[in-house]
Amino acid sequence: MSLDISQFPVLAQANTPNELRQLPQALLPQVADELREFLLKSVGISSGHFASGLGTVELTVALHYVYNTPFDRLIWDVGHQAYPHKILTGRRDKMHTIRQKDGLHPFPWREESEYDTFSVGHSGTSISAALAMAIAAEKEQAGRKVVAVIGDGAMTGGMVFEAMNHAGDLHNDMLVVLNDNEMSISENVGALNNHLAQLMSGRFYTTLREGGKKVLKGMPVIKEMAKRTEEHLKGMVVPGTLFEELGFNYIGPIDGHDVDALVETMRNMRNLKGPQVLHIMTKKGRGYEPAEKDPIGWHAVPKFDPSLFKKPATKPGLPTFSQVFGKWLCDIAEQDEKVLAITPAMREGSGMVEFSQRFPKQYFDAAIAEQHAVTLSAGFACEGFKPVVAIYSTFLQRAYDQLIHDVALQQLPVLFAIDRGGIVGADGPTHQGAFDLSFMRCIPNMVIMAPSDENECRQMLYTGYCYDAGPSAVRYPRGCATGATQVEAMTALPIGKGVIKRVGKRIAILNFGTLLASALTAAESLDATVVDMRFVKPLDVDLVKEMAQTHEVLVTVEENAIMGGAGAGVLEQLQKLRMPKAVLQIGLPDEFIKHGSPEEVTHDLQLDAEGILAQINAYLAQ
């Protein structure tokens, strides 16, 4: 259900940036107010990322008003904050479909709009892409401008500084907008700083500055004195030393909710030469009191009624796998003070809030720096501690070299608790945990476990904790657990051993992970044997051999890419054993998995009980 645009009379006149730029600047504050109200009501209908977008309304209006998008390139880092951008770029009437099957993509996406110049979803990529586009613009001599928008959280990633260091060296024309919502608008980020930013980005100041450089070129002592005087003057009100050292001209900080100040400053900066940083201060959740007070809790929301000023109460139900992990982590930390938990800025999502509060000296948030987080854990392991890295499957990809070089190569006992393995649903292809079994399985010294339910997850975590011959990984999905009876006592499982769950004939289903219930349901119709393999690596070779000897067809089931996944491991073992056998591999196809609810995606990929049965019957009919 789309919103009635007649409720937003000024916003109705700005369905595209071209239409926005036709409006008088005096109307921009009203555009921003109506855009914020539209966003509020739209996300209430659709669900989605919420607080970040509320904080970037004025910035989005100013960017599209000053810059000639899409000719000028605008790149959003991560993309949580880009909902206002989607609304202003011709997608207003489809906002109620965002993150839903066949609806708008959750992040900026090149295939969706010409205004989305770079597809995003992970943090820290915007400045590298913007630099490349700035270099291309200079080569084409088309007069194209390039802007990257990045949040203060993403600035903790090393890739950001690699890109800024390179950009400062090359000195191409580009603008980086640092959207700083870490603190509220303080007194010094008001009229004085807004005025100073406009002054220092204005033509008179920059002409005087560049002309002075030429005059003083032959007088190095005086030139150095002038440079230091300017730096001291700026340093009185400007916290930009780091950016200046990287070769960027720094302007700010200014109020990111003053659309007129943003427009005037950007107009001045649009024609500045070289790399520029505009530092703006914003407030996450701006304009909606509950989100302002709790921006983390309102980062992403289900469907809700904005007039109630609260999110819908969650119905009591099964714990999530993240909560199962969080409870296990607290339980094991009570027994062992050498347990250290590391996460790259995923405390809430990984179920670590209670642990961080109860065991603050054993908790390390490495920020959005996955490479650092993994090598930090390696260092802890070297010193005899028991590091546990809680990380999403999709983000572990970013630390692959560290996993190999710093952990596995040294056979260090680091336990990886890999959340969001498999289908995550609405966040789409940038966040599906499709590849972890494949990219870990080829690493020597790794033990990889895939629990079928929450009790097995708890026992596997304990198994990884006890294992000291190298790294281990427990890989579990997003969402609620299965309802299995949880055993509080923790027992280490025998490494590399599976369990037969159902005895049948002719067909043996070898299941890896939480698709076990669906596999068992499908097996009832087929009278098939079902095995909970538990270990992806080392594989239970004896059990695979037994199943191959006693059944005509083997079926492997996993919520991972078929290529290189657990099923591929079964085929490799059969080949090694010289046992030719009909094997059907069921898993994720060789494509990036689109967004939709987990149930919809699972059904479309034929990974539910009905789909597994259909795939097996189709294979048998060949």
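Using the three backbone atoms N, Cα and C, a Cβ is placed for every residue, glycine included.
Quantities reported herein were computed from a predicted structural model and do not represent experimental measurements.
For Asn181 (thiamine diphosphate binding site), the same-chain residues that are 6 or more apart in sequence and have a Cβ closer than 8 Å to its Cβ are Ser52, Gly55, Gly151, Asp152, Met281, Thr282, Lys283, Lys284, Pro295. The thiamine diphosphate binding site annotation in Swiss-Prot covers His80, Gly121, His122, Ser123, Gly153, Ala154, Asn181, Tyr288, Glu370, and the record cites sequence analysis as its basis.
A 10 Å cutoff on Cβ-Cβ distances gives Asp152 (Mg(2+) binding site) a total of 15 other Cβ atoms nearby, all chains included. If you look up Swiss-Prot, you'll see Asp152, Asn181 marked as Mg(2+) binding site.
The binding residues for thiamine diphosphate are recorded as His80, Gly121, His122, Ser123, Gly153, Ala154, Asn181, Tyr288, Glu370; their greatest pairwise CA distance is 32 Å.
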